[in-house]
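Annotated in TrEMBL:
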REGION    20-42  region 'Disordered'
COMPBIAS  31-42  compositional bias 'Low complexity'
BINDING   H183, D184, H187, E199  Zn(2+) binding site
Amino acid sequence: MEVTLKRSAALARQTTPLLRPLRPVATYPSNNNNNTTPQQRRPYSLFSSLTRPPPNYPGHVPLSFVEKTALAIGSGLISLKNPRRGDLIATFAETTSTPYFIYRLRDAMLSSPTGRRILRDRPRITSTSLNLPYLRSLPPNTVGHTYISWLDREGVSPDTRSPVRYIDDEECAYVMQRYRECHDFYHALTGLPVVREGEVALKAFEFANTLLPMTGLSVFSLVGMKKKERERFWGVYGPWAVRNGLRAKEVINVYWEEVLEKDVGELRKELGVEVPADLREMRRREREEKKRREAAARG
């Protein structure tokens, strides 16, 4: 009888771990200082819309795994159909950047002295912080003048970037915000316009350089572009984007506020970025050629 009891107790000890509930794998990421609250460390799958934890920063909207997945799928599909929906593109970027991609970008900043200073200073890029009238007074070869000239030519303002809401880690949320606000500097650096064809080319460059899924998805909008535009992308701008995006330094680590007076050619050389063929000029010549053919056909 005593032997039987001992065997039963031993069997119970062996099988007890199998009876314990499985621990969820996906949990809220911890901050660098490990001062996260229990609510921030709460597993994604353990809350609903009725038991949602408090936000980790102003404007933050905590989402469960199911909510984030549904939002990513919906925003991705609609933004592919309508690439002018900047709000949905921003949502897709945030909901697909975790759990890996935005942390990789944050780590790239932490590995750079300049990137670490950006994370410490948390600068924001707005029309006020940059002093746009001053940029117009800079010499034409400077980064600042190149940037403001691009803004004026394309009719773009630096004040239109949506705030980050769906990334749980506060520092990573700033990294996404910084990427978002630096996007126009990438346009100015490469000279690519805001037309759909130019945006796709720049997004391909950004994907090769940052690996953010949203930038890769944007390339699929080629499906809705004209045949001539698709041919131009695969023949000219696609190869340029991959070649330059892979070999260039991490553009997220450029402290743009500190290089405004720098020669833009020198900065491109330091980063390893080539200026692609002038897309607006190519499109202009193409329109003129089409008009000449049509006029010849009518004459």
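Here the Cβ of each residue, glycine as well, is placed from N, Cα and C on the backbone.
What surrounds the Zn(2+) site, by Cβ distance within 8 Å of the Cβ centroid and not counting H183, D184, H187, E199, is the set V156, F185, Y186, L192, V194, L202 from the same chain. When each of the binding-site residues D184, E199 is scored by how many other Cβ atoms sit within 10 Å of its Cβ, E199 comes out lowest. Counting every protein chain shown, the Cβ of H183 (Zn(2+) binding site) has 17 other Cβ atoms within 10 Å. Note on H187 (Zn(2+) binding site): other Cβ atoms within 10 Å of its Cβ, all shown chains, come to 20.
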